[in-house]
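Novice: TrEMBL lists these features:
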| type | residues | note |
| --- | --- | --- |
| DOMAIN | 17-310 | domain 'Kinesin motor' |
| BINDING | GLY92, GLN93, THR94, GLY95, SER96, GLY97, LYS98, THR99 | ATP binding site |
| COILED | 317-344 | coiled coil |
Amino acid sequence: MGRMMLTESLDLLRLIRIRALSSVRIHRSGTITMCRQESSQTITWTGHPESRFTFDLVADESVSQESLFKVAGLPMVDNCMGGYNSCMFAYGQTGSGKTHTMLGDIEEGTRRHNVNCGMTPRVFEYLFSRIQKIREDMKKGVYVENLKEIEVTSARDVIQQLIQGAANRKVAATNMNHASSRSHSVFTCIIESKWESQGVTHHRFARLNLVDLAGSERQKSSGAEGERLKEATNINKSLSTLGLVIMNLVSISNGKSLHVPYRDSKLTFLLQDSLGGNSKTIIIANISPSLGCSLETLSTLKFAQRAKFIKNNAIVNEDASGDVITMRMQIQQLKKEVSRLRSLVNGGAENLDKNASVISFPGSPGSFKWEGLHGSFSPLVSEKRMSQKKDFEVALVGAFRREKDKDIALKALAAENQAAMQLAKQRQDEIQGLKMRLRFREAGIKRLEAVASGKISAETHLLKEKEEHLREIEVLRTQVDRNQEVMRFAMENLQLKEEIRRLKSYYEEGGREMMSEQIMVLQNKLLEALDWKLMHEPDTLVVQKADTDVKEEVHGDTVVSNQEPRAPWCSSINEENEFLRMQAIQNKAEIDTLHKQLGFCLERERNIGKACQ
């Protein structure tokens, strides 16, 4: 049997398991079977009409418990260890082999000595073997905590709990099954893992659900009476809710909007994440090929077929968090790194050679250091820092202003939203009024028909018509009072008043003078930098030539000249000048825009005032 893994792209896997014919079935219905396996993924129900079904895997009578575990159990445990919620549940009629598949023979306490152990004990033995390997890997520093309602440390502990749970589970004999489960069995395990990486603690957790459903049964076939009949009714009710949940999930995947009744049953409420939620799910549908179970087998196959269209959304459940001290240390390191990078970007004057000479040019905005034979200039530290401080102040004021504008715009949008909601409510009232008028007209038509047939008199019809006209006039009067155009003008009036209030507040707080001052500062800095650049371009060329002569003397016949002596400093000056120029243009454009908006708002307010009058 081929091995099919439940990968990240496959969130729901459907398996069909065919049980072998029991001696009771052979005695009652003979050896005729109603199912024919076509391949490892297709099965045919041979009733009338013949139906063919395709699933992810079809396991016939020859498939052992070990083989089924390798196909479905191993990938489920791997997914759970990777942080995905996982679920496996067995579905089918009573006596089809669900409990044998999920639990099997667990009386030995471990599966190693019993080939008939089911899926659950095998899952936990493999799970704890994986946990033991992870604990032994000291390089990764990973450990797993298992602090649950009942603490377990090995697969044997889990199986002991399974045995205790199986003993508490109610089992009774019916005509269909001598050991029929009279309740659902849900076994839940939460797996947690924790590790540290670069001072951050990662916490991964996943929920593993192993479910053995009670079998559906017909009262006629099972012969249930009294207490057994009441149990069968409750079982069938919860299974019907499960079927309804799956049908609604399929409809939702097809684009319909339906309520999924998870809370109608404890079973579906527990399996809420496993059906259409955050989980990777395996459905094992158990069927009996016996002729006497043909209808139940067909129903189970259709159930599994519908489940194909359920869309789960499994994600890794992981939380990364670090303690406060580690985070603070990282913040301090990052701040130091930012400061170091800023000093490098801004010239790094503190790190220049101590032997570098200082050259002053007449008319320059400050002194500069000449870095030997490399021919590059850098402003002195004090001059540079003063310039940077002024730039930061200008940028900070602009940022505060933009932040305040955003807050005001947000409040204006909230007011617009409120007005839009009122407009929508008015539209709903108009629709209700139109419906009422339509009912009046329909009632009038019916009365006219009654008058024509002689059922009511004309006087009665006229009185009713008068009453309805009065009601219709009242509805129309209400609509006129809530005219849509008036509401629109009122909403625009509110918006414009808010805009005028914002602009007045801005001007009263000295915003215009502050922006003008910023523009003047930026323009002066730009002109000063441009004048100095134009004034000292010839001096730079002289220094370049002197540098070239010195290098030619040192190297003799070999000419080694620096073709770009001004590149580092000139590039920095050009970038700074371009930044200042763009900042000045942007501020001037903002002032022009504010002037235009103020004039436009005042004009619109005058127009609206005239319209409202």
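Cβ from N, Cα, C; glycine included.
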Novice: In the structure shown, with every protein chain counted, which of the binding-site residues SER96, THR99 has the densest set of Cβ atoms within 10 angstroms of its Cβ?
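Specialist: Result of the Cβ crowding comparison: SER96.
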Novice: Hey, what's the Cβ neighbour count for GLY92 (ATP binding site) at 10 Å?
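Specialist: Counting Cβ neighbours of GLY92 (ATP binding site) within 10 Å gives 28.
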Novice: Judged by the number of other CB atoms within 10 angstroms, which among GLY95, GLY97 is the least packed of the binding-site residues?
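Specialist: Each of the binding-site residues GLY95, GLY97 was scored by Cβ atoms within 10 Å; lowest is GLY97.
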Novice: Just counting, how many other CB atoms are there within 10 A of the CB of GLN93 (ATP binding site)?
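Specialist: A 10 Å sphere around the Cβ of GLN93 (ATP binding site) contains 25 other Cβ atoms.
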